[in-house]
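Worksheet: one structure, shown below.
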């Protein structure tokens, strides 16, 4: 029985509560149900065992015409898998379901969307167990019409609703119910929120009150909507179907026999959704994990095996929807070497100069260590004798002396055994055939014929050339899922050496050439011609090819399979580098690195951008439908400047929603500065430059980051700042030098602050006039002389023209060949320089003025005059005083000069 008042279905706009009848008795306490007088009425119809329950009449349920009603059916004792029906008046008159009447197979209740006069009568609930097929009939409940009026029209009220989230098994049949009360009778429609049409297998039943999805698969998962609508409005119910699959084996375990002290690697692999977890049992008990025994991703590894490890093992794979197990026997074997099943050859016959191999492969657990004797002599490795890794012996360039009996002595901790082979060496013969760079095509039957004048003999031999295998054939994809592909092929030619393993390679439009694929089993032996490729990316086009390998090596790959595309799946990788910031006022800019196409897992890929002010709990979400979009801008006047937001970006496609990125903090756009700089001034520096200065505006870090100041510059007084030339000063700079201007021109300038949101208002305009241009005439008749340790310079005075700045002085520039530059300013037309001897120099003179430096004089080249401890030609010296200067031991930083047109070749000095 349903006995709590909270389970009543009540409508809006309640009137005084009315009793609608006695519904049962529990512990001597009578149970009544109540309902408000409103758009719909609710009645409980209880079920009980025995004849009395089928004959006892319940109190009448009184409703208005046009009102909706729900008659509830209680569940009988020992409820199980049940089906429900309702009888109208008497058996076998069952309620016929249509757009107005609905019987829920989930709750058993009868729903009448809009009561009509023909609905008046007695209603009984019939519950049938699907297992026993025995029905239980409830007590009849009369439904009567009230006489105080007809119910007016009202919007749909959904009374039957499927769960918000429902997990459905692979291959199962899913039924979703949806029904609403309303006047007029609501129309019911279904849709997927991703916009995909329903496949043909999906059926709408019971006047669209139920949707049935047979053979449920992963592509059927998603968000479903039931839309109920009439002329008064509509209501929508939503629920998500999620896909799950019980575990099933991809690679079960099989019986295995392993030698004592060896290592066992036993792998079992199952698929399912969610991904199964694994555990192992030994002889029905949980396998203990310790140093020798490890389990990782379902694989069991036991190192240094001993006899007690033998037993019956079970690998169990399970998820929350099912459990499967695979059993196999492990036999740990220990035995002494034994040649009975693999005896050595009794006789080998070879020719002188050839190479001979002796095999020694006794059955032994663990593997035996082999040593060799010839006769009674122990053999050691040398340039002709090699002890092979498999226990065999090789003798190269055989001689007559190598003939004899060779004995292999095989030993392990359980015993020793030996086997022998006799070697017969035959004499050499002329007429040998040698084939260099032998190829597969050289295989065949060769005949050696020896002739004399009286007779001839012949000897034949088959030459077998072994090579790497040929390419496998007819590679095809037999089955494809979202992350796996079943590949099969046919063997190619083995070229006289059996194939030992196969390797599968895969190629996609996003890969760099062919890459080795991960397969189950991981190692594909030469007798297997099918394998499952795993760890593929969903919704990616793949090609596959197969490569065979034998003892010689890897062969040529097969031709590629036809291109196939893996199935779609929910995306698993969220965007990276989620960040943002900047933008204009009232904007929140969010950026991310788009997810590569190969990781989008299906069509309809896009992003779910979620954000909220820091410190709040409710996320605001929006959808970005373009997979290549790296940013989203949210604009709203309510966004405060430079406010912190928590943001995350998720992914979705037609299969559903994937994960979100980690939460990042992003600041909303700053507000552009609201005040103009003060104290703006402009000062002329020269004929081509002015200096603009200002006082920084007040700024708080809470307003964001001030990027700097923008200076407008124009020479037409009526020109607007917006159309002027602009220069910027970064950061906290409060002045800027503007160069490249025209001379003797009045410039107007204004300053404003800016940040990432934009620029603030301009300051008041100030002006400055650039200076007249500097003198165009260069200093002329530059003469110089050396006195003691000095160079004396003189030149003619420069006179400025009327349209030029007046001369304020002169500037002497001295540049060494090493790149050093010295500068001397003087007010007159002479200058004195202190010079060194060890470098070459260029000297020039300029006039200076308020408008800047004038034209330079002709450059004077001064070559090196002397070097310490070297003879110096007197013909290069200017005067005896200069010779005195060269003898100085201390040299002042400056230039030194000489006259190259003085020629005195007869006398030399050594300077020290």
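Cβ coordinates come from backbone N, Cα and C, glycine included.
From a predicted model like this one, the values you see are computed outputs, not experimental measurements.
Here's what TrEMBL has on this protein:
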type   : residues : note
DOMAIN : 52-138   : domain 'Ig-like'
DOMAIN : 156-237  : domain 'Ig-like'
DOMAIN : 247-331  : domain 'Ig-like'
DOMAIN : 337-426  : domain 'Ig-like'
DOMAIN : 471-569  : domain 'Fibronectin type-III'
REGION : 556-585  : region 'Disordered'
DOMAIN : 574-671  : domain 'Fibronectin type-III'
DOMAIN : 676-773  : domain 'Fibronectin type-III'
DOMAIN : 774-868  : domain 'Fibronectin type-III'
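In terms of DSSP secondary structure, the domain 'Ig-like' (247-331) contains 3 helix, 53 strand, 29 coil. At the 8 Å Cβ cutoff, the domain 'Fibronectin type-III' (574-671) and the domain 'Ig-like' (156-237) share at least 3 close pairs (sequence separation 6 or more) and count as touching. The stretch in closest packing with the domain 'Ig-like' (156-237), judged by the count of Cβ pairs under 8 Å and taken from 52-138, 337-426, 676-773, is 52-138. Under DSSP, the residues of the domain 'Fibronectin type-III' (574-671) split into helix, strand and coil as follows: 3 helix, 49 strand, 46 coil. Over the domain 'Fibronectin type-III' (471-569), the average per-residue pLDDT in this prediction is 94.
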